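*Asks:* Please see the structure below; I have some questions.
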Amino acid sequence: MTEFQEQLRLQHEKTMHEELEKLLQSSTGPEAQISKKDFEGFRSIFHRFLQRKGPSVEWSKIQRPPEDLILSYEKIKAQGRPEGITSSLNKLVVLKLNGGLGTSMGCKGPKSLISVSNDNTFLDLTVQQIEHLNKTFNADVPLVLMNSFNTDEDTKKILQKYTHHRVKIHTFNQSRYPRINKESLLPIASDLGMKGANADAWYPPGHGDIYASFHNSGLLDTLLAQGKEYVFVSNIDNLGATVDLSILHHLMSQPASRRCEFIMEVTNKTRSDVKGGTLIQYEDHLRLLEIAQVPKDHVDEFKSVTKFKIFNTNNLWISLPAIKRLQQENTLDLEIIVNPKSLDGGLNVIQLETAVGAAIKCFDNALGVNVPRSRFLPVKTSSDLLLVMSNLYSLEAGSLTMSKRREFPSTPHVKLGSSFTKPWRLTGRLTSPYTSPGTQVGRPNRVGSI
């Protein structure tokens, strides 16, 4: 049986190679050269996918992380604002994951261009935050956007309006991988085009692709040559993910021999976050455990807020020289996420993806920092949007701050009725910041129009 499975695996790899070559030969322009590089990464992840022989973790080996590897944010902040912060900021890059569309909120185009607060979009707020840093500390912190083929064209058109802002903005594209038929394990694309029959044939392979795409774009080398040392990575729809000077100072103040190469911001889990990835100790390394990796008979245990108390915010601080080293050594080993999809015509396909946080096990002296919940404010739905547009938050220099009149430290749980899950239009202000946790809103009552 083992010999049969090995022969089958080899045959799948052979036919996949042949199909990818046919796709490359369907175009002779620059698109073919870009796709050739993308397909190198796809071949690698497809090869590893075929070699999988079971769960990527053994549940019995999972341990809680040692206390000295999950630092308290309060202790870091208690050190006070350091001197020479400008020097530290000049070694920092801010990178926003900008590959997603606004489809979950009933919108077309890049999600980052949705207006979220005082007519400011996600991208507007990000630019304002970094410009404020650069002006306040006379620093040079650049903004990097990792776009996808879904968002690149529209995003670049909008970037022209920031020409006179004190922020240098760079972009690069994450890879474009072919969706594969669940039964045949072959690409469903007929050529490299993205229109017509091929409209659903491609996908961006998750934010774990950041390492290869950043390196392959040449931008990583450019930033290293400018003296940049760390990159702060976060989702562009997380309005709490701003540059934190205390965490930055902690990174920069470590001795060279013990320099931390990776910090993952985690926060305390609530019942709303039970599916979020958590940090574990596994074979003497910090490791991100996602719910997709958990055996079915341990899922309830994984969701427990008593055993696994923290979850990943996807706010990450990563060493740029370390990214270059790991890419050159080809030693980044990210767990594969198999994402099944059913297309409009009923065809079942799978997408092979990776997560950026899964790389934590590959970096030296990696740490977690348990941060306040305020650093995790994602806007995924129109319910979330209603919350951040309300007078519960005030806006200053691109950052949202919760009202001090709020009696509870947590954010209210707002849930709009099904009538508002897609097309939306929010105006006015939510009048009370005192809603208790867990409140559900079926229809807004004189708080604005949708």
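Glycine is treated like the rest: Cβ placed from N, Cα and C.
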*Asks:* Looking at 11-30, 431-450, I want to know which stretch TrEMBL calls region 'Disordered'.
*Replies:* 431-450
*Asks:* Given the binding-site residues LYS111, GLN174, ASP237, LYS380, find the one whose Cα is closest in space to the Cα of HIS207 (substrate binding site).
*Replies:* GLN174
*Asks:* Which residues does GLY206 (UTP binding site) neighbour through Cβ under 8 Å, counting only same-chain ones at least six apart?
*Replies:* ILE337, GLU353, THR354, ALA355, VAL356
*Asks:* Just to confirm: which same-chain residues, 6+ apart in sequence, have a Cβ under 8 Å from the Cβ of LYS380 (UTP binding site)?
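*Replies:* LYS380 (UTP binding site) has long-range Cβ partners SER104, MET105, ASP237.
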*Asks:* Can you count the other CB atoms that lie within 10 A of the CB of GLN174 (UTP binding site)?
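*Replies:* The answer is 28.
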